[in-house]
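These come from TrEMBL:
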REGION    1-33  region 'Disordered'
TRANSMEM  95-117  transmembrane segment
DOMAIN    97-527  domain 'Major facilitator superfamily (MFS) profile'
TRANSMEM  132-151  transmembrane segment
TRANSMEM  163-180  transmembrane segment
TRANSMEM  192-213  transmembrane segment
TRANSMEM  220-244  transmembrane segment
TRANSMEM  250-270  transmembrane segment
TRANSMEM  326-352  transmembrane segment
TRANSMEM  364-384  transmembrane segment
TRANSMEM  409-428  transmembrane segment
TRANSMEM  434-456  transmembrane segment
TRANSMEM  503-525  transmembrane segment
Amino acid sequence: MSAPTHDHTPPTGLDALNYPQLTEKGPTTDEYTTHTADGFILASEEEHQIQPSATPTLVGCGPSDQEKGIKDYKIVTFEENDPEDPKNMSLSVKWFKTMLVSFDCFIVALGSSLVVMDFEDAARDLHTNLDVMHLTIAVFVFGFGIGPLILAPLSELYGRAPILKLSMFLYFVFTFPSAFAQNAATMVVGRALAGLGASAPVTVVAGVITDLWHTPDRGLPMAIFSGTLFAGPVVGPVVAGYLVSVGWRWPYYLLLIITGVSFLLNLFFLKETYAPVILKKRAHKLIKETGDETFCTEQERNKRPITEILFESLVRPVQLMLTEPIIVLFTMYLCLIYGLLYYLFFAIPIVFQNIHHFSVGSTGLSFIPVLLGMGVVYATVIPLQGKYYARRTVECVEKGIPTPPEARLPSMMFGSIILPAGFFIFAFTSYEHVHWIGAAFGCGFLGFSIIAIYIGANTYLVDSYPKYASSCMASKTLFTRLVGGAFPMFVDRFYNSAAGPRWASAIMGFISIMMMPIPFLFYKYGPAIRARSKRSSE
């Protein structure tokens, strides 16, 4: 049997997101990056011995398991130049799949804000108040944080494609109650279920991208995916500003149409990209064709108890938040950033509509500067950050040491300076006698800061906890969504309180100044802090 070849692409923390339940407890995942001429390797080969997990549960692949030792098993791999290996797909197919799943993320994020521009008419028709309508945003966003705790592990058991298809179907179905609601209870419950159903792309799409792309080529696809999560909420009010002129239900109708189209696109064009599931199907096919029941996969041989999987999915994210100072501080900052996104849904209409007397449609267009600010980050900061990281990597390779996670922080450091500036510009240009362009510039600064801080913090966390990357991301996602979802419940009252719109924004600016030192402190003292963390040093 010919010697197996491996993908020697340098690993990063993002690779742990690809096989989170398989890597966090120790099983080898060579199978998923190994290519052999025969399409399998013998378990007895010393070079590819399966390492037992922390709680080993070696499961055989057929009735002869007790009679034959592990050396007899043929662990299925991809063949050399295997067309079924997602990383061997053509560039056009990779980009099609990347854009398809990124579109899923975009419309999920879009659904959180497409409905915010006419709460008054909706509240009147549903015989309720604005607080209840604000709750429809909160419960939808809460679903983003809670849903992935269940759906992400399911994607590892059944594959990315079926979970994404199920998620988009549930999103489509549960948008119906909101679109045709005749009372507030139906509206709130429908939005909550839609948020839960739509939550899979928020985490699963990152896995699809790591399935498709080698690490050096993954930067742009990951940036596009990350961008959709923030662009969607900003585009929502731009579209809805004019759509509500024909009725407050029309944003829901549009969302219903878009989610239906997305579900159909996924149903017909999204094929499985998750290597363990692809190889498991191949192993079962080989057993059926040859009658040889020794064909199996690493995943089947090292099947982990469901209790461990549930622990990592449900308990460990909270555990990390309670015990890891790095995760606590960075998640606090990201909570502010994610909350800022939903803060703008209420602050911009108050400033541009109430103070500058914009129409509803023009107020929606006032979100464009936020989008432009985000775009500037992609055009300038991200390329510069990439060059800086590459230079640091070369220096570290020459010294024979790994590139420190702190090399990811310059973009966050820059964004942390711009953030309070954006708040203060937005605050103190919110006068009727001051031209509206001042507030628009403030919005642009805020949009810039959102992306610059988010990308820097996200990559730092992943690189700092490579072994626990999946749980780390789940922890961050859960708490940022819970806090972000809470913002709509108080921002409107905050702005209309005695503080007024100017001091309300200024207070946010002062809070952001308090957060500003975080990336600078970690840039200098991060290695020492990580050395004291048991999980970060693993």
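Quick reminder: no glycine exception, Cβ is built from N, Cα and C everywhere.
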Checklist entry - If you count Cβ pairs under 8 Å, which stretch among 132-151, 163-180, 220-244, 364-384, 409-428 touches the transmembrane segment (192-213) the most? => result 132-151
Checklist entry - Considering pairs 6 or more residues apart, do the transmembrane segment (364-384) and the transmembrane segment (250-270) have at least three CB pairs under 8 Å? => result no
Checklist outcome for this item: Checking 132-151, 163-180, 220-244, 326-352, 409-428 against the transmembrane segment (503-525) for Cβ pairs under 8 Å, the most are found for 409-428
Item to check | Stretch among 163-180, 220-244, 326-352, 409-428 sharing the most Cβ pairs under 8 Å with the transmembrane segment (250-270) | outcome: 163-180
Next on the checklist: For the domain 'Major facilitator superfamily (MFS) profile' (97-527), what's the mean pLDDT in this predicted model?
Outcome noted: 87
Checklist entry - Residues of the same chain, at least six outside the transmembrane segment (434-456), with any C-beta under 8 angstroms of its C-beta? => result 223, 226-227, 230, 234, 333-334, 337, 340-341, 344, 348, 351-352, 356, 358, 366-367, 369-374, 376-378, 381-382, 385, 408-416, 418-419, 421-427, 519
Next on the checklist: What residues elsewhere in the chain lie close to the transmembrane segment (132-151), defined as a C-beta under 8 angstroms and at least 6 residues from its ends?
Outcome noted: 108, 111-113, 115-116, 119, 122-123, 126, 163, 167, 178, 184, 187-188, 191-200, 202-204, 313-314, 317, 342, 345, 474, 477-482, 484-486, 488-489, 492
Checklist entry - Against which stretches of its own chain does the transmembrane segment (409-428) lie, if we need a Cβ under 8 Å and a gap of at least six residues from its ends? => result 333, 347, 351, 377, 381-382, 384-385, 388, 438-439, 441-446, 448-453, 455-457, 460, 501-506, 508-510, 512-513, 515-516, 518-520, 522-523, 526
